[in-house]
Amino acid sequence: MLAMHRVGSAGNTSNSSRPRKEKRLTYVLNDADDTKHCAGVNCLAVLKSLPPNGCDYLFTGSRDGTLKRWALTDNDATFSATFESHVDWVNDAVLAGNSLVSCSSDTTVKIWNCLSDGACTRTLRQHSDYVICLAAAEKNSNIVASGGLGGEVFIWDIEAALLPIVKSVDATEDEISNGNTGIPMTNLRCINASNSLSVHNAQSHGYSPIAAKGHKESVYALAMNDSGTLLVSGGTEKVVRVWDPRTGAKNMKLRGHTDNIRALLLDSTGRFCLSGSSDSMIRLWDLGQQRCVHSYAVHTDSVWALASTPSFTHVYSGGRDLSLYLTDLSTRESILLCMKEHPILQMALQDDSMWVATTDSSVNKWPAEGRHPQKVFQRGGSFLAGNLSFTRARASLEGSAPVPVYQEPSFTIPGTPGIVQHEILNDRRHVLTKDTAGLVKLWEITRGVVTENYGKVSFEKKKEELFEMVSVPAWFTMDTRLGSLSVHLDTPQCFSAEMYAVDLNILGAPEDLKINIGQETLRGLLAHWLAKRRQRSGSQVSSNGDVPLGKDVSVRNLSYSRVEVDDGAENPTAIVLPSFEFSTSSSPSIITEGSHGGPWRKKITDLDGTEDEKDLPWWCIDCVLNSRLPPRENTKCSFYLQPCEGSNVQIHTQGKLSAPRILRIHKVSGNYVIEKMVLDKPIDGGSSDGSFGLGLSSGLSQHSSTVDGSLRAGIKPRQKLKPSVEILCNNQVLSPEMSLATVRAYIWKKPEDLVLNYRVVQAR
C-alpha cells in the first residue's frame, strides 16, 4: 500500500532530508470543485442517524489531506463539510461519540466535532512518525487507540484530552481550537487587554495517553471490542498482539500469518478476532483459546480491508486484487460481490449497502445485504474458501475465476482526478500537469488557475511544444503527493526571481521597474489575511474590506509599494497585481507553521487576520507587511563586452560590466553600445563623457558601481537609432528579447564570466 512509503510530507519539516532553520510556506492549488476529493480515499466512517432529522452521515478521509462529511439519503450523498487541518495524507478515521478522530502521515491525531462546520477541537502530538490506524470502542465513546510506523501504539481518553487548558508560559506543542469562531485554529489563543495573542500549550494540563509498548516494528492495523477492554494490533511483525487498553499491558501474541497484517476486526464481546494479511489470507482467531480456528483463502493478493455483519457471522474483504468478497465464517462459503478498477483500502457497512474506498478519489456504494447476507448466496456462484493461500492463486491461474454478483455500484460519490505528473516550465510561472483521467492542463501558479485544458494529449509532446529558451531562477519547489499541486516556498530562495513590470502587462509601469515574483505571490496569498487584519485594527482598506486589486494601480503607488521600505510600518499601498490574484471561489490552502504549535493547513479565505508569527513564518509576515526581503544571492550577471573580430568600431569600456540577470539584449545593444559608439555624442542632453549611457536607462552598470538606476524618473524609452547593432555570443546572433541569464544558460554554457561581442549591421 502506498501509504507506507517514506516521503517528506508537504508541510512536515521533520521529515525533510536537509536541516531547515526557517519555516516553509506551502500553498496547495485547487482546481474548480473543492467539495470533492482529489486523491485516493484511505478511510470511511458511517454515523448512524439520531432522531429527529434521521439522516446518516458518511465521513471520508483522503490522501489529499482533508476529510469530508456527506449527508446520506436513500439514493444520494450530499456534500456537507470539509475538515481541513492535516498537512499530509489522512490515513484513518473513527467516530467516538460526537467526535470524529482522524490520524495522518503528518504524525498527528486530530479530534473534530463531527457535526460542526469542520472545526478541529484538538491536535494530539504524541507519535514520532506516520500515524496509520485508529480503533474506537463502540460503547465507550471516550476510548480511541492510535498506531503507526515506528511501532508506537497509544490509547487516548478523548474526554480527558479535550479538558480545558491550564495556562502555561512555556508554550511548545499542542493545539486547541478557538471555540468562538468555528474556524480551525492552530493554537489556543488568549486575547488579553492589548488584543495581542498568546499561545498556550494544550498538553500542559498534564494529560498524556497510555502507551502500549511491545511492537518493535510498524503497526498497520488496530481493533477494539465494544466496551474498550480489549485491543488487538498487527503490522510488519506478522503477529497479532492482544492488549488491555486500560493499562497498556500485553495479554498475548498470536502467530500464523506469513506476511504483514493489514486489517483487524474484533467481535463486540472481544472473543473472536479476524485478521487480513499481505499473505492473501484471512484468519479467524479464538482469543479465549489463544489460537487460529479457521483460515480462509479467498483472495489472490494482499487483504487490506475487512468489515463484518453486525452478528459477526460473515466477513466482507477487499484488497490489492481489486475484489470484494463475502465469506460465511462457519460454512466457509465465499462469493465475489464485485470487482473494482482500483485496490480496496477500506469499507464501511451502512444497513444493506457497503461503502468502498479505494486508491481512486471516488467512493462507491455497493449492494451488500448486510442484514441478510444469505440472500447473496442464493444467487449462486459461490465457492468454498480453501485454507492454504496457494489454492486461490492456482484456481485463478486455471481460469476458474468467479463471476461478480454485481457489475455496477448502486451509487458513486465522484472525486476529481488527481495529478500524477507535472513539469515546471522554464518561465517558472507555468506548470504542465497530467491527471489520472489522462487530461493535460497548464497552470499559472502565481494565480492558482488552470489557463489551458488540452484534453487527452501526449504530455511529452505538449512539454516539447511549450519549451521556451528562457532562464529564470528556481524560486519554488513542488510536488503532487496530495493529488494536487503543492508549491513550496522557502526563504531566501523564493525571492530569487524577478521580472520586468512591462512583461506582466502592468499599464503605465516604468520600463525598468522590476517585480519580485516570490514577494508578489506571497502578497496574493495573504491578501485576505491582510484585509482581515486591517479590519480588526480599524484601518479599513476599502469600504467592503477587500484589498484593492491591481486594476486601480497608479504607477506612483506601484513603484512606492514595491521599492521603498516604510521603516517597518505597514505599507498603506499594498496592492495585489492582477498576475498574482488568487481565485476566491476555489482558493488555495496554505500549509505552514509559526513559532508555536506545529504545522497546520487552512484555506487562504479562512484566515481571520489574528494569525501572527506564532502561526505564520516571520519572513512571510515581514515581506507582506513591511515589504522587507531577506538578503539574496547575487541577482546580477557579470560580463565583458567586446567588438567582433575584424570590427572597426570600438567603444571604450572599463573592463567587466554588471547588470541585472533579467536585462534584455536590446538594452545592451540599443542603450549601451549605440550610446557609447555614436562618436560618443551625448543623447538626450547627457554629459559628453558618455557616462549617461552607463545604466540609467538600461539598468547596466560597470563593476565599480552597482547602481542599476532602473527606477529613476524622467528617462525616455529607448530611441530607434541608426546604425543598428547586433550582439553575439559564441558566434551566435542573439535575439534582442533574450535576457542575460538566458544567454548564459543556453548559449554561453560556461562557468566563467559571460563574453558578448557586438558588430554594426547595415541600416535597413
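First residue shown is number 1, and so on along the chain.
Just so it is clear, glycine is given a Cβ too, placed from its N, Cα and C backbone atoms.
TrEMBL lists region 'Disordered' for one of the ranges 1-22, 397-418, 529-550, 705-726, namely 1-22. Distant neighbours of the repeat 'WD' (83-113): 3, 7, 9-12, 14, 26, 39, 42-45, 47, 59, 61-63, 65-69, 119-137, 141-144, 146, 148, 156, 158, 161-162, 184, 346, 481-482, 589, 591, 598-603; these residues of the same chain sit at least 6 beyond its ends, with a Cβ under 8 Å from one of its Cβ atoms.
Residues in the repeat 'WD' (83-113) partition by DSSP class (helix H, G, I; strand E, B; coil) as 0 helix, 20 strand, 11 coil. Across the repeat 'WD' (124-159), DSSP helix (H, G, I), strand (E, B) and coil residues number 5 helix, 18 strand, 13 coil. According to DSSP, the repeat 'WD' (254-295) comprises 0 helix, 24 strand, 18 coil.
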